[in-house]
Every structure is written in C-alpha cells, then in structure tokens.
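Enquirer: Sharing a structure below in structure tokens format, with a few things to ask.
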Amino acid sequence: MKPRRLPLPLSLTKTLSTRISRSLQTAENAAASAVITSLLPPANLSPPPPPPPPLSSLSAAADSPPISGAQLTTSGFSSVPHLRPHLLPYCSSFRSPDLARKFFDVIPNPDLVSWSALISNYVRIGLTREALLAFKKMQTLGIRSNEFTLPTLLKACSAASDFIAGTQIHAVAIVTGFESDVFVANTLIVMYAGFGLLSDSRKLFDGIAGRNVVSWNALLAGHVKNDQCEEAVGLFSEMVMSGIRPNEFGFSCVLNACTASQDLRHGREVHGYLTRLGYDSDPFTSNALVDMYAKLGNINAAAVVFKGIARPDIVSWNAFIAGCVLHGHDNWALRLLLDMRRSGILPNVFTLSSILKACAGTGMLFLGQQIHGNLIKAGSDSDMFVGVGIVDMYAKCDHLGDARKAFDSIPEKDTISWNALISGCSHSGNDQEALFLFLKMRLEGLSFNRTTLSAILKSIASLQATNVSKDVHALALKAGFLSDPHVVNGLIDAYGKCNCIEEAAGVFRECSFGDVVAFTSIITAYSLSGQGEEAMKLFYEMANQELKPDSFALSSLLNACASLSAYEQGKQIHVHVLKMGFMSDGFSGNALVNMFRTAYFYRILLLQLKLLKIFSRQLWRVIPV
C-alpha cells in the first residue's frame with residue numbers, strides 16, 4: 001500500500017513554488033552574470049553609472065513639474081545613446097521647448113538622429129523658426145540630412161509660410177539625391193501647393209516614379225485648397241483610372257471639391273463609388289457626404305447618410321444642422337439640436353452659432369436669449385463668430401437695442417459683424433438706420449462686400465432713395481462688384497423701385513449674365529412703370545434662353561397685361577401659372593385676380609380656385625361676386 005501524500009494548504013503550495021522559482025531564477029542570474037563578467041572591462045576601471053529607469057516611468061511623471069536637463073543627465077538617460085532621441089520628444093510633453101534644447105545641449109556630439117528628433121520636436125509644437133535655425137546649425141556642423149529630416153523641414157516651411165527657406169531645402173533635397181524619394185516628393189507637392197504654385201506641384205508629381213495614394217492625395221488637396229475644384233474632380237477621375245484605390249482622405253477631398261463647385265452630379269457618382277468600396281461606414285467620409293448634400297440643398301439625402309452613421313460625432317451634427325439653416329429648414333435644425341442633446345453630445349460654439357441663425361429665421365427670440373445666456377456663462381459671447389450670430393438673431397427678431405448691445409460687445413469689429421447689424425436693420429424695415437450704419441462703417445475705413453451692398457440696396461429700394469442708389473452704384477462699379485449677380489439684381493430692383501427705368505435697363509444690359517432673378521427684376525421694373533410691352537418682350541427673350549420664370553416674374557407680367565388690357569397674353573401667362581403650380585402662390589394668385597377682375601373673366605378664375613381648393617382669405621376678399 002502506497003503511503004498517502006498529505007494535502008498541503010494552498011498558501012503553503014504557493015510559497016513552496018515561489019521559493020523554487022526564485023532559486024532557479026537566482027541560479028540562472030548567477031550563470032548569466034558569469035558570462036557577462038567575462039565581457040566587461042577590468043575591475044580597476046570606474047564602475048558604470050546605474051542603469052536608467054524604464055521609459056514607462058517617465059510617462060507616469062508627465063504631469064509632474066518640469067525637470068532640468070541636468071537632472072535628466074544625472075538620472076543616467078543621457079549615457080544611453082539609443083535613448084537620447086526618444087527623450088527629446090518626451091521633454092516636449094512638459095510643454096517646455098527649452099527643456100528639450102537643454103537636454104540636447106548636454107548630449108556629446110549629437111548625431112543625425114538626435115538633430116532630427118530635435119527638429120521634429122520643434123515642428124510638432126509649432127516652433128517652426130527654431131526648427132529651421134536648428135537645421136542651419138546642423139548644416140554648419142557638416143551633418144547631412146536624410147529622407148526623414150527633409151519632410152519635417154518642408155512642413156516647417158509650409159507652417160511658417162517661408163517660401164525662400166522651402167526652396168533652399170528643396171535644393172538640398174536635389175543635391176543629396178532625395179528629391180526622387182516618394183516621402184520627400186509628396187511633402188514638396190504639399191508645400192508648393194500651399195504657396196499656390198500648382199504647376200510646380202504637378203511637375204514634381206509627374207516626376208515621381210512610384211506614385212502612391214499619398215502622392216495623389218497631396219496634389220488633390222492642393223487643388224481644393226486653391227479653389228481649383230473642377231480640376232480636383234478631374235484629378236480624382238485620373239487617379240481612379242490609373243488603378244490607384246482612393247482612401248478616406250481622397251474621398252473627403254473630392255467631396256469637398258464637389259461641394260465648393262456645387263457639382264451634385266459628380267458628388268453622387270463619388271458617393272456610389274465609395275459605397276462600393278466599403279467607405280460609406282467610415283466616419284470621416286460620411287461627414288463629408290453629409291456636408292456636401294446639406295450645403296447643396298439635398299437635405300433628404302443628407303438625412304439618409306446621417307442616419308447611416310453608427311455614432312455621429314460633433315462634426316456630423318454640425319454639418320447637418322448648418323445645412324438645414326443654410327437652406328431655410330430652421331425648424332428641422334432646432335429638432336436636430338434636441339436630438340443631439342438626447343444623444344449625449346454637447347453643442348459647441350459652431351453649433352450654437354448655427355442655432356442662433358435658426359432662431360433668427362423662425363423668430364424664436366426666447367430660445368435665442370437662452371442660448372445667448374449660456375454663451376455668456378461659457379465666456380464665448382466675445383468670440384467674433386458667435387457675436388455675429390447674436391447680433392443677427394436680435395436684429396432679425398426686431399430687437400435692435402439688444403442687437404446694438406451685442407454688436408458693441410464685439411472686441412474687434414470687422415465687415416462680417418457690421419453686415420450682421422446692417423442686414424438685420426434692412427430685414428426688419430429699419431432702412432434709415434441701415435443707411436446710417438453703412439455710412440458709419442465707411443467712415444471707420446472698413447471695406448464692404450456683396451452682402452453689405454445687397455442689404456443696402458434693399459433698403460434703398462424700400463426708401464426709393466434715387467440719389468443714394470446712384471452713389472452705391474458708383475461704389476459697386478469702383479470696387480468691381482458689377483459682375484456679382486446679387487449686387488446687379490439689387491441695383492436693378494432699386495432703380496426700378498425708384499422709377500429710374502433707364503438706369504435699371506442699363507445695368508441689365510451691361511451685366512455679363514442673365515439669370516431668372518435679373519429678368520424678374522427688370523420685368524418688375526417695367527411693369528411698375530407702366531411699360532407692359534417692354535416687360536412682355538423681356539418675357540419672350542427669357543423664354544428663348546430657356547429660363548423658367550418664377551412666381552414673381554409671372555405676377556409682374558400679369559399686372560403688365562392688366563394695365564395693357566392684353567388679355568390674350570394674360571391667358572397665355574395664366575397657362576404658365578397653372579403648369580408651374582403657382583396658383584396657390586399669393587403673388588400669382590393676386591395678380592390673376594387683378595387681371596381677370598379687370599377683364600370680367602373672374603368666373604373662370606373662381607371655378608379654378610374651387611377646383612384647386614385654394615381658400616386664401618386675402619384672395620377671396622378681392623374677388624367680385
């Protein structure tokens with residue numbers, strides 16, 4: 001019978017196993033020490049410094065007060081050559097650029113790796129000038145750059161907007177033979193594109209033997225940055241045809257190009273392509289899609305893409321909300337804000353600025369005041385971008401006193417902030433105040449833009465201020481704004497309301513375009529002045545150019561027909577109103593009532609109104625029975 005082994009307690013078992021493992025480890029360490037001792041210098045030499053602690057111990061002390069270069073030296077780190085370059089970026093975690101330099105200075109004979117680490121550290125924390133000075137010092141010491149140092153230096157030149165230094169480093173790349181390196185060449189493409197030299201970027205791009213997706217992205221982003229959006233879309237097609245598979249950055253670039261050029265057709269094609277490649281679930285690409293559809297007015301498509309995002313971030317919400325506000329879907333934007341808060345995402349300054357515009361559009365003064373209060377508590381009300389939104393909200397809600405207070409609280413007022421107050425006054429019918437503010441803005445030496453002129457011309461039209469309209473016309477001509485559709489249409493409308501038909505016709509003839517708004521403005525001007533025949537001629541010219549009139553143009557034409565007793569032409573325009581679905585529109589409906597009442601054909605109109613189930617009190621009030 002075998003003797004039974006007594007079961008040992010669990011703690012004793014662990015203790016024994018631990019002791020055995022320690023004994024084995026001690027034996028192994030002793031054997032290893034014997035081997036290492038045979039490789040060490042003789043014992044009469046001074047002992048080496050103690051080994052430095054692991055780098056992980058440094059990361060734990062990142063929140064501690066800054067330490068000096070001497071402390072790093074005495075700690076033993078500087079004695080380990082392969083650790084020196086790793087310590088330089090660590091020093092920047094203390095947010096003290098001097099610390100990295102002090103530690104660098106105590107390194108004996110720093111090599112290329114150390115210099116590269118120092119330069120990279122400077123560029124990473126935004127000290128581009130110091131990075132370039134370090135490069136010059138490195139050159140004087142005869143240390144040659146490599147394919148890793150040069151891209152960092154080129155990024156420094158781009159960040160510092162130092163074109164001369166960039167060309168000098170490009171020359172160094174040529175001399176050292178690194179210009180053909182794909183990493184260096186890609187950075188050169190980005191740099192030259194940043195300086196607006198797209199032809200030079202293209203030459204460098206064409207010279208790259210092994211172009212990769214980064215090369216294409218660099219050139220693509222350069223074209224988008226320089227507003228060459230149509231060319232960017234062509235480049236994207238060229239990249240796809242060459243067999244390069246785009247990544248999320250390339251897709252976002254071409255989608256931004258489609259957005260800027262208002263090219264919804266190509267944007268949809270890109271959407272289909274990225275869906276086939278599986279990038280539709282990528283947050284970066286999805287945000288670009290939401291932004292494109294929202295800004296181009298296809299809010300329903302933006303909503304579909306937005307709902308497909310698993311976890312929308314603040315960028316996703318902001319793009320959707322801003323698009324809704326841009327195209328007048330203010331109530332939708334306000335609902336999105338509630339959904340955003342329910343999802344646990346806090347709005348930022350950009351979100352609240354968009355919501356302030358929605359409050360202005362819907363007249364929701366109370367909500368706008370609440371947002372204003374929250375911005376004051378957060379200390380963001382002095383931000384120029386936010387301040388403009390607050391001014392615009394109060395002005396369009398007809399609280400000009402609060403708008404003026406918000407305007408006065410903006411530290412540095414620019415054209416955009418002045419435009420917000422002027423546009424608000426014009427929108428709320430305070431036209432005299434709008435003109436006074438424009439004069440004050442000019443006296444303070446600030447420049448104006450098309451938004452300023454459009455708002456002022458609207459007030460001029462309301463006041464029928466003929467002399468002021470001519471002065472603003474001269475300003476627009478001198479500043480080169482007569483090629484802008486908004487300014488031209490505003491001038492035609494202002495001259496028309498001032499009964500200056502010749503001036504209005506002159507502006508219309510001299511403009512290089514003829515859109516629906518321009519035709520509508522000049523047709524309305526002729527109709528108001530009783531020149532119905534000229535209005536009808538312009539209508540036929542508009543039809544020859546295949547431009548579809550809007551309800552304003554048709555209502556002006558109907559009024560012209562009524563004044564001319566041209567009832568046959570009026571019937572033809574009536575057909576247009578029916579075909580285009582403008583019967584329920586107040587402008588067209590009232591004009592039809594006016595014409596048919598004059599012609600005593602109102603029974604025909606009465607029958608049509610009943611068939612279409614249009615029951616506008618204002619409309620029925622003027623129909624004779």
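Each Cβ is built from the backbone N, Cα and C atoms, and glycine gets one as well.
TrEMBL lists these features:
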- 44-55: compositional bias 'Pro residues' (COMPBIAS)
- 42-63: region 'Disordered' (REGION)
- 111-145: repeat 'PPR' (REPEAT)
- 212-246: repeat 'PPR' (REPEAT)
- 313-347: repeat 'PPR' (REPEAT)
- 414-448: repeat 'PPR' (REPEAT)
- 515-549: repeat 'PPR' (REPEAT)
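Tell me about the surroundings of these features in the structure.
Expert: When pLDDT is averaged over the repeat 'PPR' (111-145), the result is 85.
Through the fold, the repeat 'PPR' (212-246) approaches residues 182, 185-187, 189-190, 192-194, 196, 198, 201-202, 205, 253-254, 256-258, 260-261, 263, 266, 270, 273-274, 277 of its own chain, all at least 6 residues removed from its boundaries and within a Cβ separation under 8 Å.
Long-range neighbours of the repeat 'PPR' (313-347) within the same chain, counting only residues 6 or more positions beyond its ends whose Cβ lies under 8 Å from a Cβ of the stretch, are 283, 286-287, 290-291, 293-295, 297, 299, 302-303, 306, 354-355, 357-359, 361-362, 364, 367.
Within its own chain, the repeat 'PPR' (414-448) is flanked in space by residues 384, 387-389, 391-392, 394-396, 398, 400, 403-404, 407, 455-456, 458-460, 462-463, 465, 468, 475, 479, which lie at least six positions past its ends and keep a Cβ under 8 Å from the stretch.
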Enquirer: Counting by DSSP, what is the helix, strand and coil composition of the repeat 'PPR' (111-145)?
Expert: 26 helix, 0 strand, 9 coil
Enquirer: For the repeat 'PPR' (414-448), DSSP counts of helix, strand and coil?
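Expert: So the repeat 'PPR' (414-448) is made up of 26 helix, 0 strand, 9 coil.
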